[in-house]
């Protein structure tokens, strides 16, 4: 019997998610928000419970040749906490499932959980469960993070309004350039195992790749400044991809300015050294785990003294599209490259 | 530099969990119960939120040679819902993370999610999120299930008291004997691919292996009968292993009677045919996903007319140990074989 076979790569990750999501419309009244945002929202009375889950696979999401296990444990937690921050939620608990082949020892697991523990301590969260099992090949990690937020402070991807100001925290492109440096050093090492990696001058960008931080402190600070963003998302796939998510979820267009993009000097210098355009790294690099959000113009005043919040543009009518004004004052359309794990095969 | 290397198999799965758990003592007041039970319990105001998470890996937990993808999707959900039932919780939501190699097509994913959807419909739960990613090898599944229970109805592993009655739902050993039949048919098929599997006379036990059900209806029925078990666990690793968990968590001994173990006739007959002792299958087979619980003697009267609840023994002092009285009236010690995925490598 001949069966139809469609390659997953023809759908892409988001196409696949949409294909799945259309069959799963939430029915329980407790489910306030289902598939399609940074996290789901549940109301069991009291505070809203926010839940997100991510899977990391060896050889796809991380390379143990340059990712120490302790950093991996930290990062696996941080990227989920970042999704909670994108909902304006305070993280409270995580569960961690791991699968390991017999290539890994008890000491290796200890290293991994040292990183998980460091993240728990830093973000003040509890590890409350998880599964440890054997794997036929490689290291498999799945983390679920649980947080809380009051009903009136939940921020989705869908609330951006025309004239809102587009804000981004920290700086962009560093994690991607850091990864390029690590990949280069790995090649040098593979060619000559006696060579020690020279990473000192790349310390910031390498750190951004190996030990990303979730912007949970921003959730507290926004509350202190009495600001509720109109929409928010964390930058895991790259600024361009995330801007397009806010655009499609909110039904508005985004206009940003190239000269407003926050790029660290080390990112910029190293991008130049590697013949990579720094703006492209900022737009499409991903893994920065900064927050991208929109606020009403009325809230701009409260935010403008914050050293880590940068205004990069404003929200416009959907018909005007998603545009970046370049340093040369040309208008270019924003297109997402993001990470398509399926297409990379 | 010589580093110490300890094989994971020397600890076993529970040893590994204990090693991890000791470093992670919950600190948030919202965390009512952390690692070490069937699920964790969170209090964000209102009903208690119950959370559990499990990972299933191809080649370790399932064999796609005889496990249809639709059944796999159903089972991946059901086994987590079973953990919620073991806390006396009503399931409400799940997240599903999957990793797939390019061996799998879009149609294969559709089949898998058809099973997930069937489970969602059956248990009345919402799929609220998840991650789909590419995998370097094989099918990887991680499911997190979320449920609710009022504070006064949460049932842990730790509340069994001396003189309580030990109860088990449904029947035991069928899933294990079903797996043996499937393994035998696979060998026949591998030897001669033109042979069609003859499974008709094994329909019940094969179904128990391929499409297990969580005993969620028991949660509702216990509430109707106004019974709160003193301790409860679901039977995933085998009755013996679960009895020992209740024993160690509650600080009591367990005494069960071999002639009281509920074993279906098909399980019994097929075990005989395969030269497997049916009692051993019931004690150590696992994957039945029935509920094992203890109730106060005062509640026995309310339960005794329920066709799916069987009294198999009673709770005794810890000093008397964990004992099975055989059909020949000998007393044998209960030891756990369970599933040690690490030792099976």
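Cβ atoms are placed via backbone N, Cα and C, with glycine included.
Residues annotated as domain 'PurM-like N-terminal' in TrEMBL: A:36-149.
Taken from TrEMBL, the feature Mg(2+) 3 binding site applies to A:38, A:83, A:234. A C-beta separation below 8 Å, combined with a sequence spacing of at least six in one chain, links residue A:234 (Mg(2+) 3 binding site) to A:38, A:82, A:83, A:85, A:86, A:214, A:215, A:242, A:289, A:290, A:291, A:292.
Residues annotated as Mg(2+) 4 binding site in TrEMBL: A:38, A:52, A:83.
Annotation source TrEMBL lists Mg(2+) 1 binding site at A:53, A:54, A:131. If you draw a 10 Å sphere around the CB of residue A:131 (Mg(2+) 1 binding site), it holds 20 other CB atoms from the protein chains shown.
What TrEMBL lists as Mg(2+) 2 binding site is A:54, A:83.
There are 22 other Cβ atoms within 10 Å of the Cβ belonging to residue A:61 (substrate binding site). For A:61, A:287, A:339, the entry in TrEMBL reads substrate binding site.
Positions annotated as ATP binding site by TrEMBL: A:113, A:130, A:131, A:157, A:236. Cβ neighbour count for residue A:113 (ATP binding site): 22 (other Cβ atoms within 10 Å of its Cβ, all protein chains included).
Per TrEMBL, the feature domain 'PurM-like C-terminal' maps to A:164-322.
In three-state terms derived from DSSP, residue A:237 (Mg(2+) 5 binding site) belongs to neither a helical nor a strand segment and is classed as coil. Per TrEMBL, Mg(2+) 5 binding site is recorded for A:237.
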Densest Cβ neighbourhood among A:52, A:53, A:236 (binding-site residues), 10 Å radius: A:52
Intermolecular Cβ proximity, binding-site residues A:52, A:53, A:54, A:130, A:157, A:234 versus chain B, under 8 Å: A:52, A:53, A:54, A:130
Rounded distance in angstrom between the Cα atoms of residue A:157 (ATP binding site) and residue A:287 (substrate binding site): 18
Model confidence over the domain 'PurM-like C-terminal' (A:164-322) (mean pLDDT, whole number): 95
Under 8 Å by Cβ from residue A:287 (substrate binding site), counting only residues of that chain that are 6 or more apart: A:175, A:176, A:179, A:208, A:209, A:212, A:236
Euclidean distance between Cα atoms of residue A:113 (ATP binding site) and residue A:52 (Mg(2+) 4 binding site), Å: 20
